[in-house]
Amino acid sequence: MKIILFGPPGVGKGTQAKILSEKHQLAHISTGDMLRSAIKQGTELGLKAKSFIDKGELVPDDVIIGMIEEYVSVQENREQGFILDGFPRTVPQAEALDRLLQKYEIPIDCVISLTADAEEIVARLSGRRIAPSTGKVYHVVYNPPKVEGKCDETGEDLIIREDDKEETIRKRLSIYDQTTAPVLDYYKKKGTAAEVDGTQSIDKVSKEIDEILTSATK
């Protein structure tokens with residue numbers, strides 16, 4: 001089974017990818033993790049990616065595609081199946097990915113887009129608070145500390161990460177709408193895309209995804 005999973009930041013993509021990976025024994029391919037691993041290992045593509053990151057530039061599509069190709073070119077990896085998370089983010093990336101998968105005769109079984117209202121995502125993410133020394137995550141509504149603004153374990157002041165500030169979240173959502181949302185239309189035209197409401201409970205979202213996959217792989 002080969003799945004592409006995407007959706008805006010804060011929609012619960014990582015959680016669902018982990019559930020799918022464990023339930024169906026699929027590899028979870030996160031392009032972000034791939035990049036970090038390649039840079040850490042000092043591979044040719046990793047060094048190339050680092051040169052762009054160090055200049056504050058986006059890593060070019062051909063570098064990301066190259067990393068995905070390194071993975072899918074291994075027959076065992078193709079046979080296991082995978083969930084592609086965080087890629088493609090633009091239509092040109094989707095087209096490049098199509099060419100790569102056609103080269104290795106890999107059909108995508110399903111493209112799942114998790115959706116959520118912008119205000120729901122802002123509420124989810126802007127409510128997060130972090131304990132600086134341990135990285136423990138709290139939420140002012142869903143998982144509040146016993147004492148407001150203080151870590152239960154260390155007593156230190158909780159902080160708001162830059163990524164969790166409302167202005168940053170809205171900017172990320174705007175970028176997503178402009179670049180990634182058209183990717184859903186691209187896959188809809190191919191008849192492989194399905195949308196799932198990501199604001200439901202984790203179990204409900206997981207159940208809906210399973211129903212879609214069962215139908216797609218009949």
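We count from 1, first residue shown onward.
A Cβ is built for glycine as well, from the same backbone N, Cα and C atoms used for every other residue.
Because the structure is a prediction, the values reported are computed rather than measured.
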Region 'NMP' range according to Swiss-Prot, out of 30-59, 180-209: 30-59
Helix, strand or coil at Glu57 (AMP binding site) [DSSP, three-state]: coil
The region 'LID' (127-164), counted residue by residue under DSSP: helix, strand, coil: 3 helix, 10 strand, 25 coil
Max pairwise CA distance, angstrom, over record-listed AMP binders Thr31, Arg36, Glu57, Leu58, Val59, Gly86, Phe87, Pro88, Arg89, Gln93, Arg161, Arg172: 29
ATP binding residues Gly10, Val11, Gly12, Lys13, Gly14, Thr15, Arg128, Val137, Tyr138, Gln200: largest Cα-Cα distance, in Å and rounded to whole number: 21
Other CB atoms within 10 A, centred on Arg89 (AMP binding site): 17
Which listed residue (Arg128, Arg161) has most other Cβ within 10 Å, given these are binding-site residues: Arg128
